[in-house]
Amino acid sequence: AVPSRAEPCRAVQSRAEPISASMGVQGCLRAVSSYSSPQVVVVRNGHLGTAYRALQLLVLLYFTGYVFIIQKGYQEREMGPESSVITKVKGVTQSPSKVWDVGEYVSPPEGGSTFSILTRVDVSPAQAMETCPEPAQPPCCRQDPACWDLQCRAPVPAGQRTGRCVPQAGGTGKSCEVLAWCPVDGGSISESLAEMASQFTVLIKNNIHFPRFGFSKGNIQAAESGYLKSCMFNTTSALYCPIFKLGFLVEQAGEDFAELAEKGGVIGVIITWNCNLDLPDAECNPHYSFRRLDPKGVSASPGYNYSRFAKYYSWNGTRSRVLIKAYGIRVDVIVHGQAGKFSLIPTIITLATALTSVGLGSFICDWILLCCMDKEQRYSSRKFEQVAPG
């Protein structure tokens, strides 16, 4: 039998297949074990060289001055400390009718981070639970006695109607009788507590904790037990004596005490703890700032007041009360801050970012050279080597 011409071709092809596979493996090994370096082209241009060095200098100044020194990019940070606030108010003041102590003008009495100090009250006359005429005069009581009973049984805010029409107090008409705290509408008398309120002292005790670093500190550090009895807050000489006069808080917030006491308002005491834990603990100190939190000069519900509340007492065996609408100064203590400490990981990340950003100058200068200055494509022919596949 005569062999066909295809058989030698098949033999050659079969012998070439292992060779191609071997060459492919060798090519992959060479690609993995090789290292390529970009070609460096030196461009002698005074303007471009100056811009390149200026960009490098700006990047180095930014990372050295701002990122490392100001922002402390080499530190691990924890934002927002765990915090506790305890407050205590002391002082006595007087209104035209009585003397007010802490138990009466501070609300709530628990001493938390938010509390109110009364500076003006509207006091109603004494009231007792009994029946009396309703202030309003329903039409049925004036016109048709047959509908008195129906009209005078409808519910009203003043109290519970009894279903009877009775003569109005001090008037000629008639009105529905109600079972309520009488007199229902006796007006009110306004009394100011602001005479000595500016001298009230406010103790603000604050403790903070950064759990990530296991660091705790408070805003009271006294070597003697009686230190707080005689000190008063001062930024330079008594930073760790957090006792403030109420007038001082209002003044630091930029408000007039007499005006604020008349209409009421909200004062924020902001305590900021920014702690660099690479330094000694004594360098971590609280910073106090004060500002008014409620909008000033609004026409709808200006100032700060809260709903009427009652004071009860017994008079000649009769349970009586007075209603009080209170205006006052509300104090909100707000604590925030951050702590930082050296850590290797953020340091490496910041350094890598800085070194990478230095190359920004080369990118910008290459773009300017290729797009704006290389008219004859001389730089691009040196920078980029074109190889045709074949």
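Each residue, glycine too, has its Cβ placed from N, Cα and C.
TrEMBL labels come from automatic prediction, so no person has curated them.
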Cys284: disulphide-bonded cysteine as recorded in TrEMBL, out of Cys241, Cys275: Cys275
233-255, 348-370 - the one TrEMBL records as transmembrane segment: 348-370
Recorded disulfide counterpart of Cys182 (TrEMBL; options Cys28, Cys132, Cys140, Cys231): Cys132
Long-range environment of the transmembrane segment (348-370) - Cβ separation under 8 angstroms, sequence gap at least 6: 43, 45, 48, 51-53, 55-56, 59-60, 63, 67-68, 73-74, 379-380, 383
Other CB atoms, at most 10 A from the CB of Cys241 (disulfide bond): 19
Rounded Cα-Cα span from Lys325 (ATP binding site) to Cys132 (disulfide bond), Å: 23
Cys241 (disulfide bond) and Thr201 (ATP binding site), distance between Cα atoms, whole Å: 12
Spatially closest candidate among Lys90, Cys176, Cys275, Cys284, Lys325, the listed recorded positions, to Cys231 (disulfide bond) (Cα to Cα): Lys90
Alpha-carbon spacing, Lys90 (ATP binding site) to Cys284 (disulfide bond), which is rounded to whole Å: 29
Minimum Cα separation from Lys325 (ATP binding site), reported as the residue among disulfide-bonded residues Cys165, Cys182, Cys275 that achieves it: Cys182
